[in-house]
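Colleague: TrEMBL lists 1-19 with the feature signal peptide. Per TrEMBL, domain 'Calcineurin-like phosphoesterase' is recorded for 49-310. Per TrEMBL, compositional bias 'Basic and acidic residues' is recorded for 67-78. What TrEMBL lists as region 'Disordered' is 67-87, 369-396, 438-523, 640-700. Taken from TrEMBL, the feature compositional bias 'Low complexity' covers 447-457. Annotation source TrEMBL lists compositional bias 'Basic residues' at 484-497, 674-700. Sequence annotations record features per position, and here TrEMBL assigns compositional bias 'Pro residues' to 505-518. TrEMBL lists 640-668 with the feature compositional bias 'Acidic residues'.
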Amino acid sequence: MMALQRILCLGLLYHGVIARLSGSGPTAPAAEQQHILSNSAPRKGLHGRFLHITDIHPDEFYKVHSSTDEDDGCHKGEGPAGPYGAETTDCDSPYSLVNATFDWIEANLKDKIDFVVWTGDTARHDRDDDLPRTQDQVLGTNTWIADKFAEMLRNEETGHGMSIPVVPTFGNNDILPHNILLPGPNKWLQTYTHIWRHFIPEAQRHSFEFGGWFHVEVIPNRLAVFSLNTLYFFDRNAGVDGCENPSEPGFKQLEWLRVQLEFMRERGMKVILMGHVPPARTDSKKLWDETCWQKYTLWLHQYRDVVISGMYGHMNIDHFLIHDTHDVDIAFLNGLSPEFGVREYLDDELTVQAGTDYLMELRDDWSKLTPPTVPGKSNEVNQDGKKGRTRKPKRKDPWGERYVLSLVSPSIVPTYFPTLRVVEYNISGLENTPLWRDMPGNGAKNSSHPASAPSAPQKHLDLRSLSPIDDLSDSFENVETDKKKKKKGGKRPKKDKKPHDPNLVVPPPPAKTSPPGPAYSQQPLSLTGYTQYFANLTHINNLNLTDLNSVEPTTTNSLFSLLQSSKSWLMKWRKGKNGGKKPLTPKPDPREFAFAVEYSTFNDKIYKLGDLTVNSFVELAYRIGQKAKGKSLVEMAGDEEVGDVEEEHDCDESDFESDSDSDDEEMEAEAKKGDKKKGDKKKKGKKGDKKKKKKGKKNKIWLHFLSHAFVGTLDKSELKRYS
């Protein structure tokens, strides 16, 4: 009966979805999407799109044609630093890149999005010993970018306030020293309350000073975006200690999140979570404290009818995370068992070497996933490895509710290429919904009018020596978990050897009769896809380079030619593919700056993502995870075979397209284990050797994933070394 009720609920949801898909909307082909974003006239209702922008890292000391070496950092010397940034290096963003990015957003996206998710790191890195960061610089660039958003999105109808909401969050470089944020209230939080006065709802500013978290109803009474202060979850923050003790800000933030998600459930609202540091976790590495990761994953599982997805930045590489709720250990959260295994710190910011190894670990995890079954699909591969529809599917989790999804977007700072992401969501039945700008109290009348660059730095109170104010944990009640256990066979339940943690409150799950949430089945507010834009700085900067010790120009730009002479690309400091070169002409001659479509999930023939629901990503992850064993880039750099490099050319989707279907067939065949006779294993000779070579065929989906992970900065020859 409960299953029938759930199906009926889904039918009502799909009725709206089908109506939406029948017209031009978020699920249109990518070419059509481009046309809509470029030429359609502004509309007054919802657009079904939002912008995700992250890791801008403006650098006021960036110098064009300076050196990208570690000792110079694009601040001095002579080298290949371009007019709009030094791609594939550890240099930060010049102001020219920041201004050009905002100009492009204003011209192409401003009137076609409903809100902005801005996931932090809006100050330069502290990498130059000759130019140590100051608090005025950190707060100055954050103020500049906040004011640029406020000016660009000013409500032109009223002359004050903003037309759409912007939801910001802290990055680990938005404070001093970087990574370290003490419990609030403190002067950092108080200062950001003022900097983000355009964005934080007035009613939440006091609580923001307490912990740096807040939420915005970007679609009133329908959708809220929660800004999480992930620095209190970050394992590198030595100023706090996880999420287990009620006195810790991480514990308090998760309690706030639990209470707010319950309130959203009662109101029938849905939620997008966002933060800077993602909850990345593999078998050997992690970014969050384990107690924070465990609670966060448990919360999202229990509120799977409310939470749509998580949006994060920090790592600069384009990828996604699938959190398995089977890894949640209630006994660990109750203090009854130690943490299973020891996970090391994941590198604060990933080099190519660390990024490769990290993605390899994710791939190994994904190879163990069970591919989702789609009801009614005749060519599905079931859990037994047999193709075809089963008589009575007995899958316990057809919607993938065991898993939780996080999306990690690449950055504006040109660690690879500058990137923007426009995410689309289903607005079926929301055509007449009141907008954020129409609600009273949204937008202040004292909007500032910033110039195209930061004004003179203002003086701020000394934040380093500030101690946190007295502990405020008394404001939270210590609530005991329900210890009652059902009696089985009249027997009395055994007492635990140790008492449960009285501070752990496990949230209630969705009602058994409720349908799957928007993260798991298409319905209003579900994410339908995204289009990723990038700025090809190699083309835009238009540099004519030569070796520093040579007068002849060089066009060699291959990663592996650099590997043969130097492994600096892979090490702690990246001087880039053009490292060790200088421009032939003293005057920069850049081409016109513009973002272009890198790829779109709506028509990507390799990813084949029908939407951004959890099952779609579980299926994609399973396909990526096949044939998961490979070498890291550093290991491959030491191989003799690296000398045989194919002629350099750009990586194109067509290079992979012809083999994508065959890869799917191979992976389906791999699921059929045990069909071959043991005698087949005894075959020897040349024929057997040929078969072994065929089994070494590269997984084109994995190569495609890597190409996007590094935002197209690796060509086809380089990518093939990964698999």
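For all residues, glycine too, the Cβ spot is worked out from N, Cα and C.
What you see is a predicted model, and the numbers here were worked out from it, not measured in a lab.
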Colleague: State the mean pLDDT for the domain 'Calcineurin-like phosphoesterase' (49-310).
Modeller: 96
Colleague: Mind tallying the compositional bias 'Pro residues' (505-518) by DSSP state, helix then strand then coil?
Modeller: 0 helix, 0 strand, 14 coil
Colleague: Counting by DSSP secondary structure, give me helix, strand and coil numbers for the region 'Disordered' (67-87).
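Modeller: Its residues divide into 0 helix, 2 strand, 19 coil.
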